[in-house]
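Colleague: The structure is given below, and queries will be raised subsequently.
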Amino acid sequence: MSSPQLSAGTMTLYTGFTRLCKGIAVVLVGGHIVVQILPSALSYLALIPAKTIPFAWNLITAGYTEQSIYGLFISTIGLLFVGKLLEPIWGSREFLKFIFFVNFLTSVCVFITAIAMYYITKQEIYLYMPVAGFQGVLSGFLVGIKQIVPDQDLWFLKIKAKWLPSLALLVSIIVSIFTTESASYLPTMIYGTFIGWIYLRYWQRKPETKLRGDPSDEFSFSTFFPEFCRPVINPIATIFERMLCGRRSEISDESGGYTLGGTTLPGSDPIEASRRRERGARALEERLTAERLAAAGKTDETQKDATENV
């Protein structure tokens, strides 16, 4: 009797992917097939800093070009499953905008870093090493999960969702120490995480309030680090606060929100931040409930068919 339930639950797990995510997945698969059939196409699609000036489009195409089958598998699976959570909450337009900005700005930062490293070290590998892959956007997705369901327990890792971006970067740094190939992905993941946070922190438009960003304390830059590191990180993070959203003045004792010129910034109220997290958790719970109901319905149909056959 448990076999139909397992089968139905498995089928439900692999359904419900959004049309937009499926379309982007097709683009990733198509890009991988192209570079496998025509290896020379990699020099036009991947980010090669020495060729970016004449071929500026690789700042966009690099993020959708996977060189290895392993990278394609991880990127496709991550896109489909994370998209099931983020796109219904953000909306398709905002979800696509997030992907575009994170991908493009990550490539720009990687390009600038490669040029700087070349002038510092005089090693041409920084100019001609192809950088490609969707890992920058995937890192940004983890920041989105951190924002929406920070306290959600992840059963497969036994940690809270808010630590996903930090854990992914830590693992990538450790792996890059032992393998030179992984080191080429590390800058993309670092910039993808940072750009994803910048976008959600300061730029993302909130349709319900017509405001931008998420200035709540629970989503500050220091929350990416353990508690004992935050006294050192907070002064550095304050510099970015002043650069990106103006001079931050005193904090209101009653609301705990940010104030700018004596006016409390909407969206910084802990109550609103709590409501935002509740909406994310509720959306996740509703999706899980719908999947369980679908699995139960398929199980009942299977049992009914079995009874009729008997």
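Heads up, the Cβ atoms here are built off N, Cα and C, so glycines get one too.
What TrEMBL lists as compositional bias 'Basic and acidic residues' is 272-281, 298-310. Annotation source TrEMBL lists region 'Disordered' at 255-281, 291-310. What TrEMBL records for 20-48, 68-86, 98-120, 126-149, 161-179, 185-203 is transmembrane segment.
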Colleague: Could you pull out which residues elsewhere in the chain have a CB under 8 Å from any CB of the transmembrane segment (68-86), counting only those six or more residues past its ends?
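Modeller: Distal contacts: 16-18, 20-22, 24-25, 28-29, 32, 95, 133-135, 137-138, 141-142, 144-145, 148-149, 283-284, 287.
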Colleague: Do the transmembrane segment (98-120) and the transmembrane segment (161-179) share at least 3 Cβ pairs closer than 8 Å, excluding pairs fewer than 6 residues apart in sequence?
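Modeller: Taking Cβ pairs at least 6 residues apart, the transmembrane segment (161-179) and the transmembrane segment (98-120) are not in contact, as fewer than 3 fall under 8 Å.
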Colleague: Counting only residues 6 or more past its boundaries, what in the same chain has a CB within less than 8 Å of a CB in the transmembrane segment (20-48)?
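Modeller: Counting only partners 6 or more residues beyond its ends, the transmembrane segment (20-48) has Cβ contacts under 8 Å with 55, 58-59, 61-62, 64-67, 69, 72, 75-76, 79-80, 83-84, 87, 92, 95-96, 99, 107, 110-111, 127-132, 134.
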